[in-house]
Amino acid sequence: MEEVQRRQHPHPRRSLKKLSEDSLTKQPEEVFDVLEKLGEGSYGSVFKAIHKESGQVVAIKQVPVESDLQEIIKEISIMQQCDSPHVVKYYGSYFKNTDLWIVMEYCGAGSVSDLIRIRNKTLTEDEIATILQSTLKGLEYLHFMRKIHRDIKAGNILLNNEGHAKLADFGVAGQLTDTMAKRNTVIGTPFWMAPEVIQEIGYNCVADIWSLGISAIEMAEGKPPYADIHPMRAIFMIPTNPPPTFRKPELWTDEFTDFVKQCLVKNPEQRAAATQLLQHPFIKNAKPVSILRDLITDMMEIKLKRQEEQQRDLDQDDEENSEEDDMDSGTMVRASAEDTGTMRAASTLSDGARTMIEHDSSTLDSQMGTMVINSGEDEEDGTMKRKEETIQQSKPSFLEYFEQKEKENQANSHSNRNAQALQNSSDNWKVPQDGDFESLKSWSVEELQRRLASLDPTMEQEIEEIRQRYQAKRQPILDAIDAKKRWQQNF
């Protein structure tokens, strides 16, 4: 395995600190060899590449310029200002056709989320403590620089081949200034969002600490709290419910449980800061990053095995196709005496005599399938895959749901009218509060089903109100940005 890693990542001739002015004036293909697509990040696709001059492996995010350029520039600006071993480094950027190429540090082991998913195993307390220690150091640095990440989760904590964790994906990160000390916009990933972020009451750096606590549970259990329910429902539950904890608390030590508890304090003023949490016994006693190397090696071996299996399947398919080509030499088909047609049904021909074939509907799917599109579940196994190229916009990921539901509402106005009727019929009943469900016992099954059906229209109405409130706050900012751009052009 070490030999494979050396072969895939030869030692660079010199360490790349920053791209030279000369390099930045060239076309990116002259400076880098792009090797393969790694996946999707905020606003664009991420590729693995080699810097030709130094031989160093880098990551390149390619972002279509029709994406929210303001957010992209913000991400670059934040990365440019950061110089920490616990934050992904930024080397430079290019414009190429309609894309912006952002050149960043390559983390060969991928994200902590990848580590869990590919191995199909959650992490131990020791492994979690080691990862969280590096993550907290990254957060301490960011918060000292008066920056909020705003999207901390296992998928945005990257690991290099040595096991060092680094914060990445600053697509929604924000700068704190003296004149704007608090944010009041809902940005981030719903399951990891702090209550004060959802409630739009203003927040600061400790919003990242709540997300870190949720990420700790994610590493331990494989998914964050509320992951099994709809994100929209989670948004309403997070601010009102008690802080989440482990599904099976008895599996975890008191130190780990207390660490998570200190992260998940609902009142942000009472929540611990990164510097304080670095002194927590769970973090202070963390083991060195060397304990993560076996996990990383295990993951890479699994990926390599999948690639080899896939290559064998491809080779086997090529051999079968080659044999069929050798056998398929018939161009003239002898018809039976009663058959005078020139176009024949596929079922009447032998395998080796297909010149002009009329397929019926039953044979079309089975005999004419040439390009197979893998399902999204087989991410690691396909060589030719259809990848969704949708770009994440500069809004909370869950707000895409609002837009989708709005389209569905327009297309299904009739069903909406029925839903409204249900909503009207339910106006005279009260939702049980604080777990008091005694009143439900007196209702009939039909009544319970009717009232359950009325909940969704109510939720959609509340969601629409949130969307409109968000848009009302967002539009003046966009107008101000446009005004500043026009002013700069005039001067």
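Including glycine, each Cβ sits where the backbone N, Cα and C put it.
The region 'Disordered' annotation in Swiss-Prot covers 1-24, 307-394, 406-435. Annotation comment: Swiss-Prot describes 7-17 as compositional bias 'Basic residues'. Annotated domain 'Protein kinase' per Swiss-Prot: 32-283, in sequence order. The ATP binding site annotation in Swiss-Prot covers Leu38, Gly39, Glu40, Gly41, Ser42, Tyr43, Gly44, Ser45, Val46, Lys61 and rests on sequence analysis. Per Swiss-Prot, the feature active site, proton acceptor maps to Asp151; the stated evidence is sequence analysis. Per Swiss-Prot, phosphothreonine is recorded for Thr185. If you look up Swiss-Prot, you'll see 292-334, 442-475 marked as coiled coil. For 315-328, the entry in Swiss-Prot reads compositional bias 'Acidic residues'. What Swiss-Prot lists as compositional bias 'Polar residues' is 363-373, 410-428. According to Swiss-Prot, the domain 'SARAH' annotation covers 437-484.
Remark: secondary structure over the domain 'SARAH' (437-484) totals 45 helix, 0 strand, 3 coil, with classes taken from DSSP. The Cβ neighbour count for Leu38 (ATP binding site), using a 10 Å radius over every protein chain in view, is 19. Neighbour counts of Cβ atoms within 10 Å were compared across the recorded positions Glu40, Asp151; the minimum falls on Glu40. Looking at Glu40 (ATP binding site) and Asp151 (active site, proton acceptor), their Cα atoms lie 15 Å from each other.
The two recorded residues, Leu38 (ATP binding site) and Asp151 (active site, proton acceptor), have Cα atoms 20 Å apart. When the alpha carbons of Gly44 (ATP binding site) and the residue listed as 'active site, proton acceptor' are compared, the span between them is 16 angstrom. Residue pair Asp151 (active site, proton acceptor) / Val46 (ATP binding site) shows a Cα separation of 18 Å.
For the domain 'SARAH' (437-484), the model gives a mean pLDDT of 77. For Val46 (ATP binding site), the same-chain residues lying six or more positions away in sequence with a CB closer than 8 A to its CB are Lys37, Leu38, Gly39, Glu40, Ala59, Ile60, Lys61, Gln62. Other Cβ atoms within 10 Å of the Cβ of Gly44 (ATP binding site) number 22 in total over all chains.
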